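Written out below as structure tokens is the structure these notes cover.
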């Protein structure tokens, strides 16, 4: 493939790491953000020290604070902004974009209120004549590892196989490998919902529980996010792949995960408002918990772990009491794994 001009919207840890991958593959990368000091740092010092203290970026990666300039003559746009601002940024893109491009996103969350997936937001806000089918790029990936070129394998899902292949071709190299997928709903919901379970896994660690409990929350968490995903139209097999169990393992077991760290702090008795302030980064699992809980209520899907985490986050339930509530639930068979009514 010829070198592409690619705008990466969102200069956070993952947006920065993906920018480096694309740059390594010979593409012209333009990072866009609205923090003028951060954009100047990337351009002048070739660093993004808010997220990576010791990483020097290639000087060919350019940062823009003006969206119209960042999008000028690009071949593709990669959204890596927080879920809560995705719709706003998509509206801005639609206002200044002058030609048809490939649209990809690597964000993980559900919109508050609407419960929309990211691809749904992008489809609603960016006119069809300006884009192809949306591509979801998601899977087990810590930005801290990708930025130092550690091996990473993730999924690229789209309703148009050619669009998924495009994503695969611009990203894949010796350390970063994409697999195509057609289950957009599955890949997208798996990436969003696993953040909830990661908060719970971190809380167990903060409470002092061991590996048995952590394995339990990951496997039972996988069961309930699969139930919700299938109810939304996903294929159950997707949740056993990279974007499902793969992402759940990496996010639910590692200190690199901000969702896990937030849960760990919750388990040690800290309040979520203080945790978010101290971390200084978006914790997608917090807002996703609320959206998923409301969606599960609407669809009548049983999600006991999600419900408990919701009560800890939004109703001041003590985390240890929440664990006991789950353990005291009526016993049942394990083989209701995919049964969306259990």
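Cβ coordinates come from backbone N, Cα and C, glycine included.
Taken from Swiss-Prot as is:
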- 13, 14, 108, 143, 258, 282, 284: NADPH binding site (BINDING)
- 108, 139, 141, 194, 247, 257, 258, 259: sn-glycerol 3-phosphate binding site (BINDING)
- 194: active site, proton acceptor (ACT_SITE)
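Feature map: Swiss-Prot annotations on the structure.
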| residue | record | Cβ within 10 Å |
| --- | --- | --- |
| 14 | NADPH binding site | 21 |
| 108 | NADPH binding site | 27 |
| 139 | sn-glycerol 3-phosphate binding site | 26 |
| 141 | sn-glycerol 3-phosphate binding site | 25 |
| 143 | NADPH binding site | 20 |
| 194 | sn-glycerol 3-phosphate binding site | 33 |
| 247 | sn-glycerol 3-phosphate binding site | 28 |
| 257 | sn-glycerol 3-phosphate binding site | 24 |
| 282 | NADPH binding site | 18 |
| 284 | NADPH binding site | 24 |
Binding-site residues near residue 284 (NADPH binding site): from 141, 247, 259, Cα within 10 Å gives 259
Cβ atoms other than its own within 10 Å of the Cβ of residue 258 (NADPH binding site), all chains, total 23
In this structure, the one of the binding-site residues 13, 259 whose CB has the fewest other CB atoms within 10 Å is 13
From 141, 194, 247 (binding-site residues), the ones whose CA sits within 10 A of residue 108 (NADPH binding site) are 194
Students should find that the Cα atoms of residue 282 (NADPH binding site) and residue 141 (sn-glycerol 3-phosphate binding site) sit apart, in Å rounded to an integer, by 17
Taking every pair from 13, 14, 108, 143, 258, 282, 284 (the record's NADPH binders), the biggest C-alpha distance in Å rounds to 15
Nearest by Cα to residue 14 (NADPH binding site), of the binding-site residues 139, 141, 247, is 141
One should report the C-alpha separation between residue 141 (sn-glycerol 3-phosphate binding site) and residue 13 (NADPH binding site), rounded to whole angstrom, as 11
For sn-glycerol 3-phosphate, with binding residues 108, 139, 141, 194, 247, 257, 258, 259 per the record, max Cα distance (Å, no decimals) returned as 16
Per DSSP (three-state), residue 139 (sn-glycerol 3-phosphate binding site) is coil
Cα of residue 13 (NADPH binding site) to Cα of residue 259 (sn-glycerol 3-phosphate binding site), in Å and rounded, measures 14
